[in-house]
Amino acid sequence: MDAPGAPAPAAAPSSARKELKIVIVGDGGCGKTSLLMVYCQGSFPEHYAPSVFEKYTASVTVGNKEVTLNLYDTAGQEDYDRLRPLSYQNTHLVLICYDVMNPTSYDNVLIKWFPEVTHFCRGIPTVLIGCKTDLRKDKEQLRKLRAAQLEPITYTQGLNACEQMRGALYLECSAKFRENVEDVFREAAKVALSALKKAQRQKKHRICLLL
């Protein structure tokens, strides 16, 4: 314990390791858990098991800085709509995921997920992720979609949804084939760090104005 009147500990240098909290949301079965497991554990789950709430930790290098990512997987099912907001506290960024082969999960980006995130995480940046891109070439999946008079969601449609929700970035990935998986989290970390710097500059500016 510091003695009375002792000087406060020096502030951590700017090169200190950063920690970011990132929450991942999206419809149940859209691919968000597989994305997290491949990135953090290197393994793709062959069988779908609904998540409730799980935390994963990983490290990423942004520029010359090591950043710790605390990644929170959430339940997309309606049964958890009242519990899920507990995950949003003190988050730095939200990844909104959808399945490019499931038009309903795409529609829910703007119908459900964006409004929910905006309500509970006002001012927090979002990144939109199109998952399961490998299935765009899967003949059986295409047959099922077309039998229902539906088509896979295109990259352009994903980009349009991102623009409508004023997302910071739109990315696509295939967890099964590890395509763009690392890019998703590296770019998400960049967006979150940039938002933090901007908030700190604004805070300093307000302090200067008050003085």
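Even glycines carry a Cβ here, placed using N, Cα and C.
Because the structure is a prediction, the values reported are computed rather than measured.
Feature annotations, reproduced from Swiss-Prot:
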type	residues	note
MOD_RES	Met1	N-acetylmethionine
BINDING	26-33, 73-77, 131-134	GTP binding site
MOTIF	48-56	motif 'Effector region'
MOD_RES	Cys208	cysteine methyl ester
LIPID	Cys208	S-geranylgeranyl cysteine
Binding-site residues: Gly29, Lys32, Thr74, Thr133 - member with fewest neighbouring CB atoms within 10 Å: Gly29
DSSP three-state assignment for Gly26 (GTP binding site): strand
Cβ neighbour count within 10 Å of Gly26 (GTP binding site): 26
Integer average pLDDT (0 to 100) for the motif 'Effector region' (48-56): 79
